[in-house]
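A.B. asks: Dropping a structure here in structure tokens format, bear with me for questions.
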């Protein structure tokens, strides 16, 4: 009897300790508080959720002065183990001073656990509410615009690398535009994307959900985030200016990588066209030169023949053939001497230059 009697106090003590441990463990679970902007109503919807609570338990909302805030909706359920799951929401249409507290009170254990949040005044502005209600729409438009710019950039890159028709059009555009104007196009393209990426960060920090767990250092955290944002913006702007300056310097000295490949392709294409044109022009030039020389020789021969026919020879000569031969020799020598003179040579060179210029105009 003594051993059994001595075990009873220990058994009851263990049961009490287990019960207290379970109850304290249940009440020590975290309370989750979420906020969202409803699409239909104006205001901020605050939701408090707690799970695995030992029944019976109550959930109440209080402001900074301790006044009870009536909930907009409540929900409770039990799991297989008999533990409660509570969920309560309130709709705040006006800004509040100080924290808002969600408390859970257990009547059996006479324990209460609280969780407080601070809502920023920005959440109650109409501009913020309209923006946050369509936050996914604005984010989708932003991403679509970025993808569209990158898609256009890829199309232009493929066209400049493969299609000859696009190169011909680019050659015409380059003849109209100056070198500085051509350099500004890729710079503006890259600068636009950089500006969009830079502008997204402050917009996110300005219109994000500013809900802080009650903490003495939440103001310091907020200021620290804004300082980090300003530092990042300053660094991005500085590096953007440096990159644009380097691109402008490279383009000024004709060493810009983005335009060098295009210039090389265009120069090779122009060289091929010029070589084919020069070959055709050389062939036409040789043929026309031979024709001019033949016609010039024929005119000289005709002039000699006419001069020989007009020549009055002596009938006492042995034969007319000898007279014609001597006449031709004399006229040929005279003509050769006349070509040796400066005036005749100058006229012949002028005549030749004039014929070549006419030939060049005909070939073009």
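Here the Cβ of each residue, glycine as well, is placed from N, Cα and C on the backbone.
What Swiss-Prot lists as disulfide bond is 48-102, and the listing cites sequence analysis. Per Swiss-Prot, the feature domain 'Ig-like V-type' maps to 29-118. Under the heading signal peptide, Swiss-Prot lists 1-28. Marked as topological domain 'Extracellular' by Swiss-Prot: 29-138, 208-230. Sequence annotations record features per position, and here Swiss-Prot assigns topological domain 'Cytoplasmic' to 160-186, 252-364. The transmembrane segment annotation in Swiss-Prot covers 139-159, 187-207, 231-251.
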A.B. asks: Over all shown protein chains, what is the count of other CB atoms within 10 A of the CB belonging to residue 102 (disulfide bond)?
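C.D. replies: Its Cβ has 26 other Cβ atoms within 10 Å.
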A.B. asks: Specify the count of other C-beta atoms within 10 Å of the C-beta of residue 48 (disulfide bond).
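C.D. replies: Residue 48 (disulfide bond): 25 neighbouring Cβ atoms within 10 Å.
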A.B. asks: Could you pull the average pLDDT for the topological domain 'Cytoplasmic' (160-186)?
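C.D. replies: Averaged over the topological domain 'Cytoplasmic' (160-186), the predicted model reaches a pLDDT of 61.
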